[in-house]
Structures are given as C-alpha cells and as structure tokens.
Amino acid sequence: MSRVAVMGTGSWGTTFAVVLADAGSKVTMWGRRPQVCEAIAGRHENPDYLPGLELPHTVTADPDPAVALDGADIVVLAVPAQTLRTNLAVWKPLIGPSAVTVSLMKGVEKGTLKRMSEVIGEVLEIGPERNAVVSGPNLAAEIAARQPTATVVACTDHDTAEQVAAACSAPYFRPYTNHDVIGVELSGAVKNVIALAVGMVEGMGLGDNSKASIITRGLAEITRLGVALGAEPATFAGLAGMGDLVATCASPLSRNRTFGVHLGQGMTVDEVVAITNRTAEGVKSTGAILGLAREHGVDMPIAEAVTGVVNGEVPLSELAGSLLSRARKSELA
Ligand SMILES: NC(=O)c1ccc[n+]([C@@H]2O[C@H](COP(=O)([O-])OP(=O)(O)OC[C@H]3O[C@@H](n4cnc5c(N)ncnc54)[C@H](O)[C@@H]3O)[C@@H](O)[C@H]2O)c1
Ligand SMILES: O=P(O)(O)OC[C@H](O)CO
C-alpha cells in the first residue's frame with residue numbers, strides 16, 4: 001500500500017485524495033487552513049471545496065507539512081502554479097530522499113516560463129525519474145461523484161509512471177502512462193488559455209461554430225508549441241491533449257471557461273477574481289505561455305488574443321477581428 005501525501009486541500013487535491021484512497025492508498029493531506037484540515041480529518045468532509053461529499057475515512061489532513069510528508073512514498077502537489085516554488089522551498093527538507101513527486105497542476109510559472117515539473121525538479125533537486133505529472137480530462141466535481149474518466153500519468157521513467165498509476169487506479173479512474181512529460185504537461189496548461197477564449201466566445205453570445213473553430217485551432221497552437229519544446233505530436237491527440245481540451249472547453253464546471261464567460265459578458269479581470277476564490281490557472285499563465293511561444297518562434301494567435309484581453313490591452317470587441325483578419329494560411333502549416 002502506498003503512503004501518499006497530498007499537498008493542497010482545494011477541489012482537485014481533495015478529489016485526487018479520494019481517488020487515491022479508493023485505489024487503496026493511505027493518504028494524509030496538507031492544507032494551509034487548519035479548519036479545512038479539521039473538517040477533513042474529523043468530519044470526513046471538505047465543505048469549502050466539495051460540499052456534501054463524504055471522504056473515505058482513510059483520508060486524513062493536517063496543517064503541519066511535516067505530519068503530511070512523514071514517510072510518504074508519493075508526494076502529490078496540488079497548489080496554485082504561481083505559489084508552488086515558495087511552498088516547495090518550505091517542504092523540501094521534509095520530503096524523503098526516495099519519494100516520487102506528482103504534479104497535478106496545470107500552469108506555467110510567470111517570469112521563469114517553467115513548467116511545474118521543471119520547478120519541482122529545480123527546487124527539490126530531484127531527477128526526472130522521480131518527477132511525475134498527472135493530467136487529462138479531469139473535472140474534479142465529476143470525479144468526486146465517481147463518474148468514470150481516464151487520465152495520463154507521465155514520467156520519463158516507466159517504473160515510476162507505473163508506481164503512480166497503480167496508486168491512483170480506481171474503479172472509475174483509469175490512468176494511462178506516457179513518457180512524454182513535456183507534451184502532457186503543456187497540454188494541461190495551454191488548454192486553460194483556449195478554454196478562456198471559448199468562454200469569452202460563449203459570454204459574447206456566439207455559437208458552436210465559433211467555439212469549435214477556437215478549440216480546433218487551439219489544439220493546433222498547443223501542438224505547435226509542444227513540438228517546438230520537444231514533445232511528441234501523438235500526445236496532443238490523446239487524453240491530456242484533445243481529451244482535456246474538449247472537456248474543459250465544453251464544461252460549465254471549468255473555472256477557466258467560466259472565467260472567460262464572465263469576461264465575455266463584460267466584466268473586468270478584477271471583477272471576476274472578486275467573485276471567485278477558485279484557481280483559474282489560464283489567467284495567470286497565459287502571458288508565460290505566450291512568452292514561451294515567442295522564445296521558440298511559435299505562432300499562437302489565440303494565446304496572444306487572450307493575453308491581450310486579460311491584460312486589458314485588447315478590447316473584447318476586437319477579439320474575433322484580431323483572429324479573423326490575419327493573413328490566410330494553410331490549415332496544415
Ligand atoms: N479542479 C479541477 O477540476 C482540476 C483538475 C485538474 C487539474 N487541476 C489543477 O490543479 C491545481 C490546483 O487546483 P484546485 O482545483 O485544487 O484549485 P482550488 O482553487 O480548488 O484550490 C487551491 C488550493 O490551494 C490553496 N492555496 C491557495 N494559495 C496558496 C498558497 N499561497 N500556498 C499554498 N496553498 C495555497 C488553497 O487554499 C486551496 O486549498 C491547479 O493547477 C489546477 O489547474 C484542477
Ligand atoms: O476548472 P478548470 O478550468 O481548472 O479545469 C479543470 C481540469 O483541468 C479539467 O481537466
């Protein structure tokens with residue numbers, strides 16, 4: 001039986017803890033708010049993020065990271081992408097020398113333009129063989145209701161990917177393994193930006209042709225960037241690529257898509273942030289993703305338009321025009 005620490009008691013951290021427990025793992029969560037940890041450990045619930053769900057009694061939680069990390073074979077990281085580096089610096093001395101890390105996060109670090117597994121490798125000074133990523137069409141609320149889904153466990157080391165996949169294989173949760181960490185991780189981060197664009201389109205009252213066009217050309221952008229960074233094209237046709245893109249862009253449960261809908265209806269970024277306390281990673285990562293694209297000479301017009309709107313540099317009324325007025329090109333270019 002794996003002993004797993006889940007660092008972060010938000011929607012996905014808590015849901016993934018349920019998956020791990022249902023798969024037979026023993027789970028201790030860390031959360032920064034003691035009252036949330038008390039609710040998880042004492043009443044087997046997380047009313048802030050998953051109200052009404054009874055958590056397995058094998059899931060416990062503690063606000064002391066030393067308690068959560070003590071003896072953990074697997075350390076799951078589920079905090080906002082932009083706080084990860086600071087959090088890891090505190091946790092580093094508490095993580096065992098052979099523990100495997102698993103990033104659940106779908107963002108790119110501002111400033112450094114690093115993927116989450118890169119930040120983890122750098123701060124914890126661990127090799128790629130201990131550094132795994134889980135990403136796929138995984139809307140937390142559906143999985144918390146034990147609705148069937150598949151996902152991808154990515155690690156350059158097959159044994160590590162298998163170890164993590166075994167720890168999270170539940171009757172309703174089927175992990176596939178993949179060695180393409182770059183492709184799997186980038187897919188998860190960039191689809192959030194595309195979901196913001198689809199949400200804006202929805203909020204502006206446009207229809208399914210517009211959304212399908214954004215989703216399809218969005219996949220082309222994700223693939224171009226990924227391949228330029230060394231990913232394998234096939235990954236983008238898989239669960240972490242097209243699968244997650246479709247789930248996120250289609251679902252009202254997606255925080256990124258919902259954020260975009262509010263923007264499309266005319267709210268400002270600050271106004272949307274004020275009415276939600278959930279992590280919409282695309283908002284903070286879109287500039288970093290565009291930075292990566294520019295660094296590698298990759299054309300990403302949708303990410304560029306979304307960044308412009310999010311930064312208040314491009315009026316929403318110009319979003320469609322900025323995409324449609326570009327020079328004609330081959331679909332396959
Ligand atoms: N929710 C989903 O359906 C889902 C699915 C797959 C991946 N993800 C990804 O998982 C990651 C976490 O998402 P989530 O849904 O759990 O977010 P969330 O907003 O539900 O929860 C975030 C958690 O991080 C904590 N937190 C906030 N600021 C912090 C800080 N400075 N230091 C430490 N902890 C802090 C919050 O208290 C909360 O427990 C994101 O990168 C997201 O893209 C989410
Ligand atoms: O709610 P979102 O937009 O963060 O998306 C959640 C997951 O990433 C879907 O796989």
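Note that Cβ sites are derived from N, Cα and C of the backbone, with glycine treated the same way.
All TrEMBL annotations are machine predictions without curation.
Positions annotated as domain 'Glycerol-3-phosphate dehydrogenase NAD-dependent N-terminal' by TrEMBL: 4-160. According to TrEMBL, the NADPH binding site annotation covers Ser11, Trp12, Arg32, Arg33, Tyr49, Lys106, Ala140, Arg255, Glu281. The sn-glycerol 3-phosphate binding site annotation in TrEMBL covers Lys106, Gly136, Lys191, Asp244, Ser254, Arg255, Asn256. Residues annotated as domain 'Glycerol-3-phosphate dehydrogenase NAD-dependent C-terminal' in TrEMBL: 180-319. The active site, proton acceptor annotation in TrEMBL covers Lys191.
In sequence order, Glu281 are the binding-site residues from Arg32, Ala140, Glu281 with a C-alpha within 10 Å of the C-alpha of Asn256 (sn-glycerol 3-phosphate binding site). Taking every pair among Lys106, Gly136, Lys191, Asp244, Ser254, Arg255, Asn256, the residues listed as contacting sn-glycerol 3-phosphate, the largest Cα to Cα separation comes to 15 Å. The binding-site residues Arg32, Lys191 differ in how many other CB atoms lie within 10 Å of their CB, and the one with the most is Lys191. Note: the CA-CA distance between Ala140 (NADPH binding site) and Ser254 (sn-glycerol 3-phosphate binding site) rounds to 9 Å. Rounded to a whole number, the C-alpha distance linking Glu281 (NADPH binding site) with Lys106 (sn-glycerol 3-phosphate binding site) is 7 angstrom.
In this structure, the binding-site residues that sit close to ligand 2, with a C-beta under 6 angstroms from any of its atoms, are Asp244, chosen from Ser11, Arg32, Tyr49, Lys191, Asp244.
Of all Cβ atoms in the shown protein chains, 22 besides its own fall within 10 Å of the Cβ of Tyr49 (NADPH binding site). Lys106, Glu281 are the binding-site residues among Lys106, Ser254, Glu281 whose C-beta comes within less than 6 Å of an atom of ligand 1, given in sequence order. Here Gly136 (sn-glycerol 3-phosphate binding site) is compared against the binding-site residues Ser11, Arg32, Tyr49, and the shortest C-alpha distance is to Ser11.
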